[in-house]
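Structure first, commentary second.
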Amino acid sequence: METRPKIIIAPTPGDSQRELLAWGLLAFLWALATWSYFQIPDTVPVHYNFAGQPDRYGEKAGVLHLPMVATVLFVAMTALGRFPHVLNYPSAITAANAPGKYRSAVRLLQGLKTVIVLVFLFLVFRTYQTATEQASGLGGWFLPVALGFVLLLVLWYLVRDKSAS
């Protein structure tokens, strides 16, 4: 098993701004979910099919489960970002390339956190709209767009990693 350098990656001002944005969006997600909880009827959509249409209804507390899941994912990725040496990398990590590779991986995690929170924000908002009959579901484009953003981030990381090697 290879031993990777354990170094501390000092955040740049841009890193700090991205992190602050992600935390702010997470706080907004909780605020929106809490507000929505008091506005929606007792029965709301709790699952959507691939076309974005609700296919299961349940208790309105389900709207609070969304930020809970987002928070667990967010905290896990934040913790991983503090220990970039434990992540998997597509190329070998050496003492010379570790700072750049680790910084790039941390930025990928920051981007993923932001996208995940935005996806959950949209889910809470559209659940509110659907429950209050202002919309009929997520829309058929939701899943391809959400997956597209995640794939674009990962591709950006892989291209960047390849060019840095």
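Please read every residue number as a count from 1 along the shown chain.
A Cβ is built for glycine as well, from the same backbone N, Cα and C atoms used for every other residue.
Automatic, uncurated: that is what TrEMBL annotation is.
Feature annotations, reproduced from TrEMBL:
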type	residues	note
DOMAIN	25-70	domain 'DUF1648'
TRANSMEM	20-40	transmembrane segment
TRANSMEM	60-80	transmembrane segment
TRANSMEM	111-129	transmembrane segment
TRANSMEM	141-159	transmembrane segment
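Sequence-distant neighbours of the transmembrane segment (60-80) (same chain, 6+ residues past either end, Cβ-Cβ under 8 Å): 22, 26, 29-30, 33-34, 36-37, 40-44, 46, 86-87, 109, 112-113, 116-117, 120, 123-124, 127-128, 131. Using DSSP to sort the residues of the domain 'DUF1648' (25-70) gives these counts of helix, strand and coil: 24 helix, 12 strand, 10 coil. The average pLDDT computed over the domain 'DUF1648' (25-70) stands at 96.
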